[in-house]
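Copied over from TrEMBL, here are the features:
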type: COILED; residues: 3-30; note: coiled coil
type: DOMAIN; residues: 4-94; note: domain 'Chorismate mutase'
type: BINDING; residues: Arg14, Arg31, Lys42, Asp51, Glu55, Cys86, Gln90; note: substrate binding site
type: DOMAIN; residues: 94-269; note: domain 'Prephenate dehydratase'
type: SITE; residues: Thr262; note: site 'Essential for prephenate dehydratase activity'
type: DOMAIN; residues: 281-358; note: domain 'ACT'
Amino acid sequence: MDKKEIEARLKELRQEIDRVDRTILDCLKRRYSIVKEVGHLKRKLGVEVLDLNRERAVIKKILEENQGIFPENSLKAIFLEIVHTCRTAQELQKVAYLGPEATFSHMAALKFFGQAANFLPQESVLDVFEETESGRTKFGVVPVENSIEGTVSATLDAFSDYKLKVCGEVFIPVSHDLLNQTGRKEDIKKVISHPHALAQCRKWLRKNLPSVPVEEVSSTAFAARWAAVDPSVAAIASSLAARTYHLQAVATSIEDFHGNVTRFWVIGKESPGPTGKDKTSLFFSISDRPGALFEVLSSFAKRQINLSKIESRPAKNEPWHYFFFLDCDGHIKDQKVKECVEEISKICVRIEWLGSYPAGEEN
Ligand SMILES: C=C(O[C@@H]1C=C(C(=O)O)C=C[C@H]1O)C(=O)O
């Protein structure tokens with residue numbers, strides 16, 4: 001091929017790309033209006049408009065049909081965004097999260113719901129529960145545990161006061177940056193952040209800023225917002241917070257342990273149906289006698305139900321009494337989980353089903 005021929009072929013291919021793009025756009029518009037019609041019909045039937053299981057099935061099918069030809073992670077991201085956006089043709093979901101803007105909870109909410117939702121930042125975990133229970137938002141996103149720091153007790157404790165269910169799970173890798181207005185270490189007179197973030201960067205701070213005082217604030221994003229107006233302060237926060245509040249990085253990835261992940265729960269009024277890869281969360285208390293906890297646990301063991309977490313929390317109304325929070329594989333509608341919960345209900349003084357939901361993906 002000579003230069004002229006190459007240029008002609010290039011032109012031809014670009015025209016072909018333009019035609020393909022137009023087809024993609026036509027398909028997107030068609031999909032959007034079909035989803036809108038589905039929404040009308042579902043409303044007429046009186047069924048829930050959002051159907052997370054159907055969305056999962058749609059994406060799974062696309063990935064299967066692709067047979068690895070189009071880069072898989074990108075295809076998934078594209079279709080997640082398409083589905084999330086089409087959903088807005090039915091109704092814009094209101095989602096409360098632990099704010100302000102750019103917290104890791106915000107990242108988790110974006111990962112679960114996509115860009116096309118109405119995200120409403122809240123000042124505390126309790127506010128997220130409050131907004132969701134009152135129906136002012138349809139869903140809430142709250143942190144539940146961190147792979148290094150452990151449980152977020154405010155979240156677990158809130159379940160005893162609010163009648164909400166877990167309806168989804170999201171994992172977000174946590175990496176912290178040290179941010180201020182200039183990016184210069186010499187300007188830092190105080191380091192502020194959420195207690196978990198400070199704890200996760202303890203060694204780095206001791207080594208690199210030994211004489212600088214630290215102060216706990218309500219969230220990493222709040223810290224970043226503060227640093228944006230106070231030049232003497234540096235915040236430990238995410239790269240999303242750096243972008244949102246126009247801050248410079250003094251140092252990046254300052255966490256003491258890499259591979260740090262936070263698990264979030266999406267809370268709402270109802271848990272979704274089984275998908276085949278679900279988790280169930282329970283909260284229970286038992287009588288103070290030998291073997292009571294063993295009996296509960298053996299009920300799971302004899303049915304080969306895998307436990308992914310068990311944690312005790314003090315029962316607030318009685319000293320030295322405890323509640324247990326337990327996560328196991330499977331859905332409450334799966335026969336063996338159902339039987340197990342029925343059996344342990346006879347042993348427990350109190351038992352609450354917190355929800356069954358599709359297991360989140362850890363990458
Ligand atoms: C179109 C539907 O409604 C919503 C949108 C979906 C989509 O865009 O594919 C899937 C499930 C629902 O959350 C449906 O229920 O099929």
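Just so it is clear, glycine is given a Cβ too, placed from its N, Cα and C backbone atoms.
What TrEMBL says about a protein is an automatic prediction, not a curated fact.
Predicted, not measured: the structure shown is a model, and the values here were computed from it.
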- Close-lying recorded positions around ligand 1 among Arg31, Cys86, Thr262, where CB distance stays under 6 Å: Cys86
- Give me the non-local Cβ neighbours of Arg31 (substrate binding site): same chain, 6+ apart in sequence, Cβ-Cβ under 8 Å, ordered along the sequence. Ile82, Cys86
- Item | Between Asp51 (substrate binding site) and Thr262 (site 'Essential for prephenate dehydratase activity'), the C-alpha gap once rounded to whole angstrom | 25
- Task: Output, ordered by sequence, the same-chain residues six or more apart from Gln90 (substrate binding site) with a CB under 8 Å from its CB, or 'none'.
- Result: Val35, Lys36, Val38, Gly39, Lys42, Val49, Leu50
- Query: Which numbers of helix, strand and coil residues does DSSP report for the domain 'Chorismate mutase' (4-94)?
  - Reply: 73 helix, 1 strand, 17 coil
- Task: Could you state the whole-number distance in Å separating the C-alpha atoms of Arg14 (substrate binding site) and Thr262 (site 'Essential for prephenate dehydratase activity')?
- Result: 44
- Query: Quick one: Cα separation, Glu55 (substrate binding site) versus Thr262 (site 'Essential for prephenate dehydratase activity'), in Å?
  - Reply: 24
